[in-house]
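Q: Input: one structure, supplied below.
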Amino acid sequence: MEIQFLGTGAGVPAKHRNVTGIALKLLDERNAVWLFDCGEGTQLQILKSSIRPRKIEKIFITHLHGDHIFGLPGLLSSRSFQGGTEPLEIYGPVGIADFVKTSLRVSQSRLSYPLKFIELTKENDVIFKDKQFTVRCNILDHGITSFGYRIEEAAHEGELQVEKLQALGIPSGPLYGKLKRGETIVFDGQEINGQAFVGERKPGRIVTILGDTRKTKNSVTLARRADVLVHESTFNKHEAKMAKAYFHSTSQQAAEVAKEAQVKQLILTHISARYLTKEAYQLQEEAQEIFPNTKIVKDMDIIEIPFANEGGA
């Protein structure tokens, strides 16, 4: 599991930062990619990455401002043009279906795959769940309807302790599969309980990706004990009044959310073009005053999300 940042800028594309596009790469987990927001130029950024559009299984839109959705019609059309046939689901605020359907209709674009819309209307709602993942959403504070998303991975079964089995002379093969499932087998007249040879279950990972927002209690709820929190940082710590007026957050407000939620790592994105490279890293330093494990990302950065016992992100 890893996150690739296709665009880390705010408002409009800039020379060094495209507008928002975040890919949660679940290739090992389900051979799929989930995309969070799709600002103008996102598909060009995808071309610079290893992501294949046909692998995009779900798209989660945080809100309907242009810097988060203007790249969507083009990406959907290109996915079809490139031979994509796998179904695609789009989650987002009420209006996302109308935006996409109107864009496709006016441009006379036809898709080669089924497209399903799930428009969100409830706070603190489970919007997707299967054996692997649960996705929750909650409303943020951005003037227009804006959502944050919490992706919870189910626990992983413990590893089979092969060395212990080999010490008993049990050969690899079908018996290992039964033992891995916790079944009891008979080997050389002795009962072997598989549960005694399977390690502890690994807790699933949690990723929280927030849309544009002021600091709000819902942000803390969504981020509670997450392995990674992706939070906007549109303004520096000296511009709190401006952040409030424009329904955005400062670097230190993002850090306060991370600290209150007890997350493991804070990722800052949605960086204004007013902050060049040096000034942008000052945002990181400001946040680190409150939450040390903070990183500001640039376009195309990849953040790996290991299991808890494999070290920090």
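Note that Cβ sites are derived from N, Cα and C of the backbone, with glycine treated the same way.
For reference, Swiss-Prot lists these features for the protein:
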BINDING   His63, His65, His142, Asp212  Zn(2+) 1 binding site
BINDING   Asp67, His68, Asp212, His270  Zn(2+) 2 binding site
ACT_SITE  Asp67  active site, proton acceptor
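Tell me about the surroundings of these features in the structure.
A: On its own chain, His142 (Zn(2+) 1 binding site) has His63, Gly211, Asp212, Thr213, Arg214, Phe247, His248 as residues at least 6 apart in sequence with a Cβ closer than 8 Å to its own Cβ.
Asp212 (Zn(2+) 1 binding site) falls outside any helix or strand according to DSSP and counts as coil.
Under the DSSP three-state reduction, Asp67 (Zn(2+) 2 binding site) is assigned to helix. There are 22 other Cβ atoms within 10 Å of the Cβ belonging to Asp67 (Zn(2+) 2 binding site).
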Q: Using the alpha carbons only, what distance in Å do you get between His270 (Zn(2+) 2 binding site) and His65 (Zn(2+) 1 binding site) once rounded?
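A: His270 (Zn(2+) 2 binding site) and His65 (Zn(2+) 1 binding site) have their Cα atoms 13 Å apart.
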Q: Take the mean position of the Cβ atoms of Asp67, His68, Asp212, His270, the recorded Zn(2+) 2 site. Which other residues of that chain put their Cβ within 8 Å of it?
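A: Residues close to the Zn(2+) 2 site, other than Asp67, His68, Asp212, His270: Ala10, Gly11, Val19, Thr20, Asp37, Gly39, Thr62, His63, His65, Gly211, Glu232.
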Q: With Cβ-Cβ distance below 8 Å and at least 6 positions apart along the chain, what are the contacts of His65 (Zn(2+) 1 binding site)? List them in sequence order.
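A: Residues satisfying the criterion: Ile144, Asp212.
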Q: For the binding-site residues His63, His68, which Cβ has the most other Cβ atoms within 10 Å, all shown protein chains included?
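A: Checking each of His63, His68, the winner is His68.
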